[in-house]
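Written below as structure tokens is the structure these notes are about.
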Amino acid sequence: YQGLAGRSTNEILQLYAAHGQQMKLQRSSVVTQLHGAIKKRLKQDLKSLHSFALELSKDFQRQSKICLYQVLAAVQGMQLQNEAMQMCQMKAFDLEQSLQEVTERYEKEKQKRKALHNSLIELRGNIRVHCRIRPLLPFDDAAGHSVSQDRQRNFSEKAAYAADDETVLVKCSRPGHASVNKTFQFERVYNDLESQDAVFADVAPLLTSLLDGYNVCIMAYGQTGSGKTYTMLGPQLEGNLSFSIEEESELGIIPRATQEVFRLISEKPPGSYWVEVSVVEVYNNEIFDLLAKDSYGKVFGIKRDVVTTREGKSDVPLLTHETVANASEFLHLVNKGLQLRVTHPTLVHAHSSRSHLVVTLTITTVVFGDNFGTLWEDEQTSQRLNKEASCTFPQKMRDNKSTSSSRASSPVQLEATEKIKQVKTRLQLVDLAGSECVGMSGVTGAALRETSFINRSLSALADVLGAIAEQRAHIPYRNSKLTHLLQDSVGGDAKLLVMLCISPGQKYLTESMQSLGFGTRARQVQRGQVKKKNFPVLSKGK
Ligand SMILES: Nc1ncnc2c1ncn2[C@@H]1O[C@H](COP(=O)(O)OP(=O)(O)OP(=O)(O)O)[C@@H](O)[C@H]1O
Ligand SMILES: [Mg+2]
């Protein structure tokens, strides 16, 4: 302002304008500089951004390449794995197929081995032994005798198992007892889950040989409560010893075998076979005819005796034989007979059989003299022969009941007719009373007497088998009525199947070992080739 003093307004204005101009110039140069600087900075930033972006894209490309390689490698790996998996699948399929082939071959070999074994059995007259292990049942836990709770718990555990379908394993280690680990081999072993169907499936082929001219005997052996009656007859209803045909799947061997026999007969020319049944029990070493009737026609057991005939066969004179036309007639009869069978509850179970039951089906086949031992070749011949046969049978069939003595008249009649002969084969079905330890069954008094008779007759049976096995000159059949009665079946004239019944519980270990020992010894008995009756082959179509 000092410099402005004394200057005219004009000059001042000029100065002011010049100053403004200068300021303007200065400002614009600052703006220009600033602009330049910003521009420069922006350029730099852009450049670095650009290089960063470039770097990023390069990195991205690198990464994506790596990823691509990885994806490719993974895809390749997957393809390889897929191929490997396919190879594995193919291998597994091949293995499965060869396993199936091996299994089939094994089954075929097993069947062949069984067939060979069967032929060997037949040639040597061996006794077939099947073994059935029943399931553990509620009464196995029941307090049978004075055992502490701890021991009781051990007792109800299993000791006998079916290791496979031919092996029984007995395994048990009880404190204070020597441990047992033993195996037993039999023709067939049934585990606790196997049904009555499965058991019968193995029995059925024997029935075919019955109609081919062989005698057959199926006998259930085992300690009390081990399932003999269940296996032979079926479950017994509470307070009623009969078995109902409605529960077919539960039926035992006796009713099923009868059904099968009648089925087989139905395939033969009509009228060429007839079936008679007898039911006896051996109680306290006495034989009772359970089909004998009093004068009012009511069934009651009559004591009979067993004798040896001149041919050396056992026979029960006056024994009642009823003719039956079908399985239900048979069931009806056997049911009636069973009402008389002695059973008592014991500490082991409620329906203990106190007698040996022997149900016998006698099958008479009509054979014509001229054709004896030959085939009936055509339907016409068969029909002609049937006509002749049916002329002779009605007399017999009308009677529908006979005893041994009255029965004798029929064969004589028939044999007198020159052309006609009869061949009789016999199916004996035996439900033995149970071998038992007196302490365990808890019996006293009369029941104790029964038990001792049961045990004596069973040991007589074991003695007979022992004597046959040792080929002794004298076989002690007559030591007991049971062995005397079963002499022909046990002694070699029949295909004999023993169905060993085993209770699996530790509680019954001693008895189970005894039964398994009996079965093992029975298998070793060689009775010589089982004889076949001279028999023609009859079939509907031939
Ligand atoms: N396989 C099985 N499955 C189911 N229950 C069974 C089997 N075996 C036996 N039982 C049952 O066990 C009990 C005893 O069986 P069973 O009467 O057949 O014995 P047992 O050997 O005949 O005895 P006993 O010698 O005293 O006459 C019965 O109640 C029967 O129903
Ligand atoms: Mg019984």
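Glycine is no exception: its Cβ is also placed from the backbone N, Cα and C atoms.
Unlike curated entries, TrEMBL annotations are predicted automatically.
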Would you please say which range out of 92-119, 372-399 has the annotation coiled coil in TrEMBL?
92-119
So which of THR224, SER226, GLY227, LYS228, THR229, listed as binding-site residues, have a Cβ under 6 Å from an atom of ligand 2?
LYS228, THR229
Cβ contacts within 10 Å for THR229 (ATP binding site), all chains included, total 29
Among GLN223, GLY227, LYS228, the binding-site residues in the record, which have a C-beta under 6 A from ligand 1?
GLY227, LYS228
For the ATP site given as GLY222, GLN223, THR224, GLY225, SER226, GLY227, LYS228, THR229, which other residues of the same chain have their Cβ within 8 Å of the site's Cβ centre?
ARG134, ALA220, TYR230, GLY434, CYS501, SER503
Have a look around THR224 (ATP binding site) and count the other CB atoms within 10 A of its CB, chains all included.
26
To which of the binding-site residues GLY222, GLY225, GLY227 does the lowest count of other Cβ atoms within 10 Å belong?
GLY227
Return the residue, from the listed binding-site residues GLN223, SER226, with the maximum count of other C-beta atoms within 10 angstroms of its C-beta.
SER226
